[in-house]
Amino acid sequence: MNFFHIFSFVFISSILGCAAISSETKVLSSTESLSLSPNRNIVSHGAVFELGLFKPDHSSLERWYLGIWFKTEKTYIVWVANRDKPLSKPNGTLQIKNGNILLLDQTTLVWSTNVTTTEKKSDERSPLVAELHADGNFVLRRHSSNSNDHHHDPDSTFLWQSFDFPTNLLLPYTKLGWTRRSGRSSVLRSWKNDHNDPSSGEFSFGFDSASQFRAIPAIFTWKGTSPINRFSPWLGAFTYGIPRESPSRYLTFTLTATKEEVTFFFSWADKTSKSVLKLNATGVIQLLVLNAKNRRWDTLWTSTTDRCEDYSLCGPDSYCDKEVCNCMSGFEPKNPHAWTSGNRRDGCVRKRPLSCNNGDKFIPLSNVKYPDTSNASMHWGIEKLNECEKLCLSNCSCTAFAIVAKQVGNGLSGCVHWTGELLDVRRYVINVNQILYVRSHEKKKPKTVLIVCLSTGVGIIIIFSAIFCYWRIKKKQARARAAASSIEITLMENLELPLMDFETISIATKHFSDSNKLGKGGFGVVYKGILDGQDIAVKRLSRISGQGINEFKNELRLITKVKHVNLVQLLGYCLNRDEKLLIYEYLENRSLDLYLFDKNQSSALNWPKRFEITKGIARGLSYLHHDSPTMIVHRDLKPSNVLLAKDMTPKISDFGMARIFNRGENEVETTKVVGTYGYMSPEYSFDGTYSEKSDVFSFGVLMLEIVTGMRNRGFADANNGISLLTHVFNKWKEGEWADVIDPILDLNSSSQEVKRCLHIGLLCVQDRAEDRPIMPSVVLMLVSQTESMLQPNPPGYYALGNVLSNVAPTSNTASTSKTASTSNVASTVTVEAR
């Protein structure tokens, strides 16, 4: 029986004309075919890479793909052939026919190299072979060609190569971009889902379609056809986020811009290390290197940074600095109303038109990412600033210039001119030695006669202004008294809350004595008092406070609608002319920030107390969002607005900025963005859009501050723009989460509880509002140790960290300062003037 089976197999194989190929095949010839299966593959020279069929690890569907991966490490599939047309079974046939590599599902064509040959007749007599090289390049070539590894100059010998058709990963030396030889431009295209679906996603990465016509090419990340990020390989200096973060001894980015090609590739100095550049399913670029010691992929660089890297976030003729939009000198917001409300996409316009040759000057803007180069021109050989400026002045269309001094691999330098609007400009935290000179209209000095006339006129105006101001003050005081009376009547009609006498409250606080002062903020001052033998806290709103009449009414109206153990209780209010007072229950331990960020006080908050405080805040916020009579979004949750009772029970306070939502209402846009930077969600601070998820973001920041004992706002200033959220997220990804825990805490058996809180905090501060959990889910995750949780995506305002923290240090340690930066990315370029 065994002999019969063997004979049948040999007989069938001879009929099909297929030579048997072992699982360790290195070359596929045109006289053979390979029956693919999960255990039957093509292996590269040196057994570095493997080509075969795979099914995504987390996919429940029977979808099989022809791909390439590291033979000893299958975490990342580096190339996929049939990404949009999978096989339904784990078998297929790979063969060479009619000058192409074919993937067949029985007799059905699934994928082909689709090569149209232009070879000479003499070459066509040579047999074709397909092989996988040690650099990961799957190639089709003539058998007479040199079979050695050609990753440095493959173009002349290969009829087809996978390097020309990358998917979502770039290997070292893989060129991305346009070549005259291929007549096409290669880009990375994300997977639809990084875990289980390699089909074409919505994000792409590469040069734009007009790159071969640009004087200075640029690389973009696209969502569909819209650019979302612009990488500025400034003549070899790969600049993105906080630039030049990878030492030249490790990493080199190379840009080539000639008539024959506009391409980019990266190389890793340690050729024994495995490295990839990946475009993930959310549009983020990552440089990943396999750590030989622990066999984990370390993220050494990522494109996910602060919002300033969003393409043209602030609109034309503006720049983004520390996530704040600013008009360039000589410009003003095009749409002032939208600008102040947080929508700055319209950008800025000139205050005065340029006068061309007469009266124009240039204002320097230092440490910038240069503008989009779609409207730029290059003047080679002009290295002096005054010559470049003079040339720009001679062209009425020139709006800015910059000197590129010896940043190019071949030593060339030159003068760059921009015309029209300046798009996608940002300032960096560190010194990058890039200065943009923006053209501006220069004011003419007023003549002496005009000065005298103006001085006389100003004197007269001042006298009349003083009289007018006196009249206005009196009128305002009368109006304030009338308004207070009106509010008093309205509130008395609608609130079941006692209206208290001003004199009574004044006596209770010892006439608002400094000795009774509990705290001070932008709203005013809080005093301790004793009323009818009961301790009270009196919030006295400042006359210049941003919390005016409407906010005062709002806080009264909202806080009387809600009652919860984790919400502060309002006892009464007082209106007296322009005095506005709120009387609260007195909480002995005052606000959370006084303990959390004070080294002398933080020891009073051990981990069990911090955990109970965290759960209490979560319950209070969950009540506001889902269990109160009306859905309320707080909009200003932060440690100073969390008060602590005698037993350390947390109570959310300060509802002046809170807003009522109708049930079923998902989000609201506002023209008045209020809150505290460092706790405001990205969609709220930039677009004026807020929802319950805005509060979830604030809670996440607060939660991370409770665990780490560090303040988010101050952390960025002390760490080159890296936010606390970024720091915690990076440590979390690296498995070093314990490094961020407040060192004053003695965790003992609570380490997993702390880790879970970090996990929940990172879920709450994710950049996309729809990715964040709702507060009832947060409460459930906090109280249930078995509740499963997703892995967090990068947080809002995600800034680049020290991306080389995982690279082993050498004996040579270079020191840096805030005033001088070291260029850490070695970049080379071949440039031909056009």
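Going from the start of the chain as shown, residues are counted 1 onward.
The backbone N, Cα and C atoms fix where each Cβ goes, and this holds for glycine too.
It should be emphasised that the depicted structure is a prediction, and the values quoted were computed from it without experimental measurement.
Per TrEMBL, the feature ATP binding site maps to K539. Taken from TrEMBL, the feature domain 'Bulb-type lectin' covers 27-153. Per TrEMBL, the feature domain 'Apple' maps to 356-441. Residues or ranges marked as domain 'Protein kinase' by TrEMBL: 512-762. Annotated region 'Disordered' per TrEMBL: 810-834, in sequence order. For 1-20, the entry in TrEMBL reads signal peptide. Annotated transmembrane segment per TrEMBL: 449-471, in sequence order.
Each residue in the domain 'Apple' (356-441) has a pLDDT score, and their mean in this model is 85. Taken residue by residue, the domain 'Bulb-type lectin' (27-153) breaks down under DSSP into 7 helix, 61 strand, 59 coil. When secondary structure is read from DSSP and collapsed to three states, the residue listed as 'ATP binding site' falls in the strand class. All protein chains included, K539 (ATP binding site) registers 25 other Cβ atoms within 10 Å of its own Cβ. Across the domain 'Apple' (356-441), DSSP classifies residues as 12 helix, 34 strand, 40 coil.
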